[in-house]
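Enquirer: Take this structure first; my questions come after.
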């Protein structure tokens, strides 16, 4: 059960389950299923499995089940990784972050159900779970020795790209928070057409301001990732990790902006909304890997 041969498939399983936790959370919010079990937690309407199962209750129960399963699988992965590859410097910190933020995520989710937190607190839930996902994702990359295959273990990231990337991480996280706030404030269709309601540009209420702020942050994120991508590709032509990684980040932000626009155009089509959540999850996981690479450079005296 805890042998090294289980490490690779277990890391993939943990990453996939954590991705489903992200999508499940988005699905709960988009379908208005947060109150699907009333104010009971961990029970649902006072029972382990209530007899009456409307779609909102089923969605909320499924999300809780997947979240519980993710904790079991991630704990299993962490124990195996700690035991067999704990000598790799990043493994133990990533393991602690994975479990720690998964527990915080569960507590915030439980508090939201039991005490009806306001939208600004609820918006933190998605960002917290993203940190846990990213830790598991990066741990998986390390387990599969992606570093060695793409010479990332010998990579030296110079200061300009490190600055670009730190700022990119901050901007993307702020964009994620404002996006989650849009969902929890039920502001997805506020502030009119995309990209702007040119016939009436002035926001009229809180929902309009929240939506406009998210659109502004998304634009800043797109421009900054484009600038960072151009710098990375032009200055690290010989390094596949940088070239492929930052190209993937730029592609993901294009997909993110596209699905964001389509969400408004289609009046929040559920499939497009879930793709929107998936692309930002993958983008943040990739940025987390960039951060690990930068920390290695700093640790080596760069």
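Any Cβ shown, glycine's included, is placed from N, Cα and C.
The shown structure was predicted, so the numbers you read here are calculated from the model rather than taken from an experiment.
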Enquirer: Could you confirm whether, in Swiss-Prot, the topological domain containing residue 184 has the same name as the one containing residue 92, so that both are on the same side of the membrane?
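Expert: Taking the topological domain names from Swiss-Prot at face value, residue 92 sits across the membrane from residue 184.
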Enquirer: Have the transmembrane segment (162-182) and the transmembrane segment (9-29) got at least three CB pairs under 8 Å, pairs 6 or more apart in sequence?
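Expert: No, these stretches are not in contact.
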Enquirer: Out of 9-29, 68-88, 94-114, 123-143, 245-265, what stretch is closest in contact terms to the transmembrane segment (272-292), meaning most Cβ pairs under 8 angstroms?
Expert: 245-265
Enquirer: List the recorded positions among 60, 63, 125, 214, 276 whose C-alpha is within 10 Å of the C-alpha of residue 37 (disulfide bond), in sequence order, or say none.
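Expert: Matched recorded positions: 60, sequence order.
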Enquirer: Counting each residue once, how many in the topological domain 'Cytoplasmic' (89-93) are helix, strand and coil under DSSP?
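Expert: Each residue of the topological domain 'Cytoplasmic' (89-93) counted once, the result is 3 helix, 0 strand, 2 coil.
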Enquirer: Near the topological domain 'Cytoplasmic' (89-93), which same-chain residues lie under 8 Å Cβ to Cβ, leaving out any that are not at least 6 residues past its ends?
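Expert: Same-chain contacts beyond the ends: 81-82, 138-139, 142, 292, 299.
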Enquirer: Please identify which of 37, 44 has the densest Cβ environment, defined as other Cβ atoms within 10 Å, among these disulfide-bonded residues.
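Expert: Neighbour-count leader: 37.
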Enquirer: So, three-state DSSP: helix, strand or coil for residue 60 (active site)?
Expert: helix
